[in-house]
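Pulled from TrEMBL, these are the features on record:
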- Ser190: active site (ACT_SITE)
- Asp344: active site (ACT_SITE)
- His374: active site (ACT_SITE)
- 112-259: domain 'Alpha/beta hydrolase fold-3' (DOMAIN)
- 303-377: domain 'Alpha/beta hydrolase fold-3' (DOMAIN)
- 1-19: signal peptide (SIGNAL)
Amino acid sequence: ALLPALLLLLLPLAALAAAAVLLGLPSYDIPPGVNQPAKLRLVLTVLLGTAALGRILEKTGLCSQITFGRYVRQGRKLGLDPKLFIQDLQFNEVPVRVYQPKAASDGPRRGILFFHGGGWVFGSLDTYEKVCRYLSRESDSVVVSVQYRLAPEHKYPAAYEDCLNATQHFLQHLELYGVDPARVIVCGDSAGGNLAAAVSQTLAGSSELPKLRAQILIYPGLQALDFNLPSYHQNRGVPLLFRERAAFFALLYLKGDALHMQEVLAGSHIPPDMRLKYRKWVSPDNIPEEFKVRGVKPLRPTDFIAEVYETVKRFCEPNLCPLLAEDSVVHQLPESFILTCEYDVLRDDGLLYKKRLEDNGVRVTWYHLEDGFHGIISLYDYCGFSFPSGKRGLDSVVNFLKSL
């Protein structure tokens, strides 16, 4: 409640932070092929200004940088929606927001469990309110948005457990929401895509609950073994997710701090024998050649550091890195939709998982935004201006849902 007052008191510092951001903007890489590059630069300015001011607040002891970032990302509250019933509930003690179309239906509707992005650190029910309303209205589905616990306060597997518990509760009470047991879908973007993939894998072999109809993974982060795949280097400086931040968020989720980030980025955290074991799934060799045309330089091998591995060895757990699941699990997964963006460090995570699913006989619908960047779905209608590519991506999700 004190944050708005603090902002007024810190306007001079905010101006100083903004000036520092503007001076540093030219160092960020926004390729000409990106959708709406001028608008993206404006969004980047806001985010960098928020981060700079957050650092100032943290140094003064008034507020942590993460708390301030969460506050700013909340956005304004939306009014009532004439087409939807919206209510906040708890599923297995996990806060959720349920969106139900008001119009009469000929029969039970689809049910969508939505897990928001934000690096497991940011994001909330309010942050993704527009996206969830859009999905519910346009696909005529019941949407359940899940507010899982956030890192670094709540480390892995807290977020995964919350999403799994909320999903299990929903699957046990579908009749209360008029949902067809044969048409339940898990969906998420970025970190939420990671959680959707992990939940889908966990439920794949369950015979006690209705089987999931599909999983929708929107630019998901699916592994933390190799931050040197082609897309991580090609897009290392492209907003809204930089290569270093991808490792930072993964470490914050895993263990609550980002110590050893440089060693993880260099690949020193994985034993050679384990790297060899997973090479069949996590390797540049499995990335189609057309995605390497922007120049990929081979990196010199780095030495393995055993003490770093000891702190991050849970990166090899499929509930944290779903790309590492065994084939016996993957082949049981439901029909899948994967959205990737060309200018996104996580592009290759999606491409590698697409190949794994197809190799195991899982039907995959793939939608690639050639001018897209990480986070663009959330910006389909941002602060009064839009990113057309984000709208196309969101509509591709809606079209897939309508086919189920």
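Note that Cβ sites are derived from N, Cα and C of the backbone, with glycine treated the same way.
Caution: TrEMBL annotation is automatic and unverified by curators.
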Problem - Distant-in-sequence Cβ neighbours of Ser190 (active site), under 8 Å, six or more positions away - result: Gly117, Gly118, Gly119, Ile218, Tyr219, Pro220, Gly221, Leu241, Leu346, His374, Gly375
Fill in the blank from the handout: Checked against DSSP, the composition of the domain 'Alpha/beta hydrolase fold-3' (303-377) is 33 helix, 19 strand, 23 coil
Problem - Average model confidence [pLDDT] within the domain 'Alpha/beta hydrolase fold-3' (303-377) - result: 97
Handout entry: Residue counts (helix, strand, coil, in that order) that DSSP gives for the domain 'Alpha/beta hydrolase fold-3' (112-259)
Key = 61 helix, 26 strand, 61 coil
Exercise for the section: Tell me the Cβ contacts of Asp344 (active site) under 8 Å, same chain only and six or more apart in sequence, or just say none. Expected result: Tyr219, Ser231, Asn235, Val238, Leu241, Gly372, Phe373, His374
